[in-house]
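Enquirer: Here it is, the structure in full.
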Ligand SMILES: Nc1ncnc2c1ncn2[C@@H]1O[C@H](COP(=O)(O)OP(=O)(O)OP(=O)(O)O)[C@@H](O)[C@H]1O
(Lines of atoms letter the chains of each structure in order from A and count residues from 1; the text may use other names and numbers.)
(Lines give C-alpha, C1' and ligand atoms only; values in the text may rest on other atoms or scores of the structure.)
Protein backbone atom coordinates (compact mmCIF):
# COMPACT_ATOMS: atom_id res chain seq x y z
CA UNK A 1 0.00 0.00 0.00
CA UNK A 2 1.28 3.40 -0.79
CA UNK A 3 -0.49 6.45 0.52
CA UNK A 4 0.47 10.02 1.12
CA UNK A 5 -1.36 10.03 4.47
CA UNK A 6 1.28 7.83 6.06
CA UNK A 7 3.97 9.34 8.20
CA UNK A 8 5.74 6.04 8.70
CA UNK A 9 5.10 2.49 7.66
CA UNK A 10 4.38 0.32 10.72
CA UNK A 11 4.81 -2.73 8.51
CA UNK A 12 8.54 -2.19 8.25
CA UNK A 13 9.13 -1.15 11.84
CA UNK A 14 11.03 -3.65 13.98
CA UNK A 15 9.09 -5.20 16.83
CA UNK A 16 11.62 -4.06 19.42
CA UNK A 17 11.49 -0.39 20.41
CA UNK A 18 14.30 1.49 22.09
CA UNK A 19 12.34 1.14 25.33
CA UNK A 20 11.56 -2.58 25.31
CA UNK A 21 8.77 -3.94 27.50
CA UNK A 22 8.97 -7.44 28.81
CA UNK A 23 6.29 -7.23 31.45
CA UNK A 24 3.70 -9.64 30.02
CA UNK A 25 1.96 -11.86 32.55
CA UNK A 26 2.80 -15.02 30.60
CA UNK A 27 5.96 -16.82 31.53
CA UNK A 28 7.97 -17.64 28.44
CA UNK A 29 9.86 -20.82 29.12
CA UNK A 30 12.42 -19.96 26.46
CA UNK A 31 13.32 -16.60 28.06
CA UNK A 32 16.51 -17.66 29.72
CA UNK A 33 17.96 -18.76 26.40
CA UNK A 34 16.60 -15.85 24.37
CA UNK A 35 19.05 -14.19 22.01
CA UNK A 36 19.12 -10.39 21.75
CA UNK A 37 16.68 -9.02 19.18
CA UNK A 38 18.07 -9.04 15.68
CA UNK A 39 15.78 -6.19 14.60
CA UNK A 40 14.99 -7.92 11.33
CA UNK A 41 12.81 -5.83 9.04
CA UNK A 42 9.78 -7.10 7.16
CA UNK A 43 10.96 -6.00 3.74
CA UNK A 44 14.05 -8.21 3.99
CA UNK A 45 11.95 -11.35 4.09
CA UNK A 46 9.91 -11.47 0.91
CA UNK A 47 9.29 -15.02 -0.23
CA UNK A 48 9.08 -16.57 3.25
CA UNK A 49 6.18 -17.34 5.55
CA UNK A 50 4.51 -14.26 7.01
CA UNK A 51 4.03 -16.00 10.35
CA UNK A 52 5.92 -19.12 11.39
CA UNK A 53 4.84 -21.12 14.42
CA UNK A 54 7.52 -23.51 15.68
CA UNK A 55 6.83 -26.26 18.21
CA UNK A 56 4.39 -24.12 20.15
CA UNK A 57 3.12 -25.35 23.50
CA UNK A 58 0.75 -23.33 25.64
CA UNK A 59 -0.70 -23.93 29.09
CA UNK A 60 -3.49 -22.27 31.10
CA UNK A 61 -2.25 -23.29 34.55
CA UNK A 62 -2.01 -27.08 34.20
CA UNK A 63 -4.24 -27.26 31.11
CA UNK A 64 -2.01 -28.07 28.15
CA UNK A 65 -4.03 -26.26 25.47
CA UNK A 66 -1.59 -26.32 22.53
CA UNK A 67 0.75 -29.25 21.92
CA UNK A 68 3.73 -28.90 19.63
CA UNK A 69 2.08 -26.79 16.92
CA UNK A 70 4.27 -26.04 13.90
CA UNK A 71 2.83 -24.19 10.91
CA UNK A 72 3.61 -21.58 8.29
CA UNK A 73 1.11 -18.85 7.44
CA UNK A 74 1.58 -17.57 3.90
CA UNK A 75 1.40 -13.86 3.11
CA UNK A 76 -1.64 -12.36 1.37
CA UNK A 77 -3.73 -15.45 1.90
CA UNK A 78 -6.69 -16.28 4.08
CA UNK A 79 -5.87 -19.16 6.43
CA UNK A 80 -8.76 -20.81 8.29
CA UNK A 81 -8.31 -22.54 11.66
CA UNK A 82 -10.97 -25.21 12.10
CA UNK A 83 -11.69 -27.97 14.61
CA UNK A 84 -14.14 -29.01 17.32
CA UNK A 85 -14.91 -26.83 20.31
CA UNK A 86 -12.03 -26.65 22.79
CA UNK A 87 -9.36 -27.87 20.33
CA UNK A 88 -7.32 -24.68 20.77
CA UNK A 89 -8.20 -22.51 17.75
CA UNK A 90 -8.74 -19.27 19.69
CA UNK A 91 -5.74 -19.98 21.92
CA UNK A 92 -3.51 -20.37 18.88
CA UNK A 93 -4.92 -17.19 17.33
CA UNK A 94 -4.35 -15.22 20.53
CA UNK A 95 -0.78 -16.53 20.84
CA UNK A 96 -0.10 -14.97 17.44
CA UNK A 97 -0.37 -11.44 18.79
CA UNK A 98 0.51 -12.06 22.43
CA UNK A 99 -3.06 -11.55 23.64
CA UNK A 100 -2.85 -14.71 25.76
CA UNK A 101 -0.09 -13.34 27.93
CA UNK A 102 -2.61 -10.88 29.35
CA UNK A 103 -4.16 -13.91 31.13
CA UNK A 104 -2.48 -14.68 34.45
CA UNK A 105 -0.97 -18.12 35.01
CA UNK A 106 -0.30 -18.97 31.37
CA UNK A 107 2.93 -20.42 29.99
CA UNK A 108 4.23 -20.47 26.46
CA UNK A 109 7.02 -22.53 24.97
CA UNK A 110 8.26 -22.47 21.39
CA UNK A 111 8.58 -19.70 18.86
CA UNK A 112 6.36 -17.51 16.70
CA UNK A 113 7.95 -15.23 14.15
CA UNK A 114 6.55 -12.42 12.03
CA UNK A 115 8.70 -11.87 8.94
CA UNK A 116 11.47 -13.70 10.73
CA UNK A 117 11.32 -11.68 13.97
CA UNK A 118 10.51 -13.54 17.16
CA UNK A 119 7.36 -11.85 18.52
CA UNK A 120 8.18 -13.22 22.00
CA UNK A 121 11.77 -12.03 21.93
CA UNK A 122 12.41 -10.36 25.26
CA UNK A 123 13.12 -7.11 23.44
CA UNK A 124 10.00 -7.24 21.27
CA UNK A 125 7.38 -4.69 22.30
CA UNK A 126 3.94 -6.33 22.75
CA UNK A 127 2.27 -3.06 21.77
CA UNK A 128 4.18 -3.05 18.49
CA UNK A 129 3.37 -6.74 17.98
CA UNK A 130 -0.36 -6.01 18.35
CA UNK A 131 -0.07 -3.03 16.05
CA UNK A 132 1.39 -5.18 13.29
CA UNK A 133 -0.88 -8.14 14.04
CA UNK A 134 -4.37 -6.75 14.61
CA UNK A 135 -7.42 -8.61 15.85
CA UNK A 136 -11.16 -8.61 15.16
CA UNK A 137 -13.30 -10.35 17.76
CA UNK A 138 -16.38 -12.54 17.58
CA UNK A 139 -18.79 -9.92 18.85
CA UNK A 140 -18.66 -6.45 17.29
CA UNK A 141 -17.22 -4.21 20.01
CA UNK A 142 -17.21 -0.60 18.81
CA UNK A 143 -16.40 2.13 21.33
CA UNK A 144 -19.27 4.34 22.55
CA UNK A 145 -18.10 7.07 20.19
CA UNK A 146 -18.87 8.28 16.70
CA UNK A 147 -18.18 6.21 13.61
CA UNK A 148 -15.31 8.55 12.72
CA UNK A 149 -13.70 8.40 16.15
CA UNK A 150 -13.91 4.62 16.25
CA UNK A 151 -11.72 4.42 13.15
CA UNK A 152 -9.40 7.31 14.05
CA UNK A 153 -8.79 6.28 17.66
CA UNK A 154 -6.10 3.61 17.23
CA UNK A 155 -4.16 5.65 14.69
CA UNK A 156 -4.30 8.68 16.96
CA UNK A 157 -2.93 6.91 20.02
CA UNK A 158 -0.21 5.41 17.84
CA UNK A 159 0.92 8.94 17.01
CA UNK A 160 -0.48 9.24 13.48
CA UNK A 161 -0.02 12.83 12.35
CA UNK A 162 -1.03 12.57 8.68
CA UNK A 163 -4.35 13.33 7.03
CA UNK A 164 -6.82 11.67 9.42
CA UNK A 165 -9.86 12.22 7.18
CA UNK A 166 -8.09 10.38 4.36
CA UNK A 167 -7.05 7.56 6.68
CA UNK A 168 -10.62 7.16 8.01
CA UNK A 169 -12.05 7.12 4.48
CA UNK A 170 -9.49 4.63 3.22
CA UNK A 171 -10.03 2.28 6.18
CA UNK A 172 -13.82 2.44 5.82
CA UNK A 173 -13.53 1.78 2.08
CA UNK A 174 -11.27 -1.23 2.69
CA UNK A 175 -13.84 -2.56 5.16
CA UNK A 176 -16.58 -2.03 2.52
CA UNK A 177 -18.50 0.34 4.79
CA UNK A 178 -17.73 3.76 3.35
CA UNK A 179 -20.77 4.06 1.08
CA UNK A 180 -23.11 3.19 3.93
CA UNK A 181 -21.69 5.68 6.45
CA UNK A 182 -20.02 8.50 4.52
CA UNK A 183 -22.90 10.90 5.20
CA UNK A 184 -23.09 10.19 8.93
CA UNK A 185 -19.54 9.86 10.21
CA UNK A 186 -20.51 11.87 13.30
CA UNK A 187 -23.30 9.46 14.28
CA UNK A 188 -22.79 7.06 17.21
CA UNK A 189 -21.32 3.71 16.18
CA UNK A 190 -24.10 2.02 18.15
CA UNK A 191 -26.62 3.31 15.55
CA UNK A 192 -25.17 0.84 13.04
CA UNK A 193 -26.49 -2.68 12.49
CA UNK A 194 -24.51 -5.63 13.89
CA UNK A 195 -22.94 -6.38 10.51
CA UNK A 196 -22.03 -2.73 9.97
CA UNK A 197 -20.55 -2.57 13.47
CA UNK A 198 -18.37 -5.58 12.67
CA UNK A 199 -17.13 -3.94 9.46
CA UNK A 200 -16.48 -0.80 11.51
CA UNK A 201 -14.34 -2.89 13.86
CA UNK A 202 -12.48 -4.24 10.82
CA UNK A 203 -11.94 -0.63 9.63
CA UNK A 204 -10.70 0.31 13.11
CA UNK A 205 -8.19 -2.55 12.98
CA UNK A 206 -7.02 -1.59 9.47
CA UNK A 207 -6.53 2.06 10.42
CA UNK A 208 -3.39 1.24 12.40
CA UNK A 209 -2.00 -0.37 9.25
CA UNK A 210 -1.33 -3.89 10.46
CA UNK A 211 0.39 -6.54 8.41
CA UNK A 212 -1.73 -9.42 9.61
CA UNK A 213 -5.37 -9.46 10.74
CA UNK A 214 -6.55 -12.18 13.12
CA UNK A 215 -10.30 -12.83 13.14
CA UNK A 216 -11.97 -14.94 15.80
CA UNK A 217 -15.31 -16.10 14.35
CA UNK A 218 -15.98 -12.60 13.00
CA UNK A 219 -19.33 -13.49 11.47
CA UNK A 220 -20.78 -15.88 14.02
CA UNK A 221 -22.97 -13.22 15.64
CA UNK A 222 -24.31 -11.96 12.29
CA UNK A 223 -27.27 -12.81 10.06
CA UNK A 224 -26.65 -14.42 6.62
CA UNK A 225 -26.68 -11.13 4.68
CA UNK A 226 -24.28 -9.41 7.07
CA UNK A 227 -22.14 -12.57 7.06
CA UNK A 228 -21.81 -12.52 3.29
CA UNK A 229 -20.80 -8.82 3.41
CA UNK A 230 -18.08 -9.60 5.95
CA UNK A 231 -16.93 -12.57 3.87
CA UNK A 232 -16.71 -10.39 0.75
CA UNK A 233 -14.70 -7.88 2.75
CA UNK A 234 -12.26 -10.56 3.94
CA UNK A 235 -11.76 -11.81 0.40
CA UNK A 236 -10.92 -8.26 -0.75
CA UNK A 237 -8.57 -7.65 2.16
CA UNK A 238 -6.17 -10.43 1.33
CA UNK A 239 -4.76 -8.28 -1.48
CA UNK A 240 -3.22 -6.08 1.19
CA UNK A 241 -3.17 -8.19 4.35
CA UNK A 242 -2.52 -11.67 5.64
CA UNK A 243 -5.70 -12.97 7.28
CA UNK A 244 -6.10 -15.78 9.80
CA UNK A 245 -9.66 -16.66 10.69
CA UNK A 246 -11.16 -19.03 13.25
CA UNK A 247 -14.47 -20.41 12.09
CA UNK A 248 -16.90 -23.18 13.01
CA UNK A 249 -18.62 -22.77 9.68
CA UNK A 250 -17.25 -25.27 7.17
CA UNK A 251 -18.95 -23.58 4.22
CA UNK A 252 -17.41 -20.31 5.25
CA UNK A 253 -13.93 -21.84 5.54
CA UNK A 254 -14.25 -23.39 2.09
CA UNK A 255 -15.68 -20.18 0.56
CA UNK A 256 -13.13 -17.69 1.79
CA UNK A 257 -9.89 -19.42 2.79
CA UNK A 258 -6.92 -20.45 0.69
CA UNK A 259 -5.31 -22.63 3.36
CA UNK A 260 -6.99 -24.56 6.16
CA UNK A 261 -5.52 -25.97 9.36
CA UNK A 262 -7.45 -28.64 11.26
CA UNK A 263 -6.77 -28.83 15.00
CA UNK A 264 -7.85 -31.56 17.37
CA UNK A 265 -7.25 -31.68 21.12
CA UNK A 266 -4.52 -29.05 21.01
CA UNK A 267 -2.62 -30.60 18.10
CA UNK A 268 -2.37 -29.65 14.46
CA UNK A 269 -3.68 -32.69 12.60
CA UNK A 270 -3.43 -31.42 9.06
CA UNK A 271 -2.81 -28.20 7.14
CA UNK A 272 -3.10 -27.84 3.40
CA UNK A 273 -4.76 -25.92 0.60
CA UNK A 274 -8.42 -25.52 1.45
CA UNK A 275 -9.65 -27.46 -1.58
CA UNK A 276 -7.40 -30.37 -0.58
CA UNK A 277 -8.62 -30.35 3.02
CA UNK A 278 -12.24 -30.40 1.91
CA UNK A 279 -11.99 -32.81 -1.01
CA UNK A 280 -8.95 -35.01 -0.33
CA UNK A 281 -7.96 -34.78 3.35
CA UNK A 282 -4.98 -36.95 4.29
CA UNK A 283 -6.18 -37.76 7.78
CA UNK A 284 -9.32 -39.74 8.68
CA UNK A 285 -10.12 -37.39 11.54
CA UNK A 286 -9.99 -34.36 9.23
CA UNK A 287 -12.33 -36.12 6.83
CA UNK A 288 -14.75 -37.02 9.62
CA UNK A 289 -14.77 -33.41 10.80
CA UNK A 290 -15.16 -31.66 7.45
CA UNK A 291 -17.92 -34.05 6.42
CA UNK A 292 -19.77 -33.35 9.64
CA UNK A 293 -19.36 -36.81 11.19
CA UNK A 294 -18.11 -35.31 14.45
CA UNK A 295 -17.48 -31.96 16.09
N1 LIG B 1 -8.88 -18.32 29.87
C2 LIG B 1 -8.77 -19.65 29.97
N3 LIG B 1 -8.45 -20.22 31.17
C4 LIG B 1 -8.32 -21.55 31.27
N5 LIG B 1 -8.49 -22.42 30.26
C6 LIG B 1 -8.82 -21.91 29.06
C7 LIG B 1 -8.98 -20.51 28.85
N8 LIG B 1 -9.31 -20.31 27.56
C9 LIG B 1 -9.34 -21.54 26.99
N10 LIG B 1 -9.05 -22.51 27.88
C11 LIG B 1 -8.98 -23.95 27.62
O12 LIG B 1 -8.05 -24.19 26.58
C13 LIG B 1 -8.53 -25.17 25.67
C14 LIG B 1 -8.61 -24.57 24.27
O15 LIG B 1 -9.63 -23.54 24.28
P16 LIG B 1 -9.90 -22.60 23.02
O17 LIG B 1 -10.86 -21.56 23.46
O18 LIG B 1 -8.62 -22.17 22.45
O19 LIG B 1 -10.59 -23.63 22.03
P20 LIG B 1 -11.42 -23.33 20.70
O21 LIG B 1 -11.04 -24.41 19.73
O22 LIG B 1 -11.23 -21.93 20.27
O23 LIG B 1 -12.91 -23.57 21.22
P24 LIG B 1 -14.29 -22.93 20.70
O25 LIG B 1 -14.45 -23.41 19.30
O26 LIG B 1 -15.30 -23.54 21.62
O27 LIG B 1 -14.19 -21.45 20.82
C28 LIG B 1 -9.86 -25.64 26.22
O29 LIG B 1 -9.62 -26.80 27.00
C30 LIG B 1 -10.31 -24.50 27.11
O31 LIG B 1 -11.13 -24.94 28.15
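Including glycine, each Cβ sits where the backbone N, Cα and C put it.
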Enquirer: Of the residue ranges 1-45, 46-90, which one carries the region 'Disordered' annotation in TrEMBL?
Expert: 1-45
Enquirer: Let me know the model's mean pLDDT on the domain 'ABC transporter' (51-290).
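Expert: Here the mean pLDDT over the domain 'ABC transporter' (51-290) amounts to 94.
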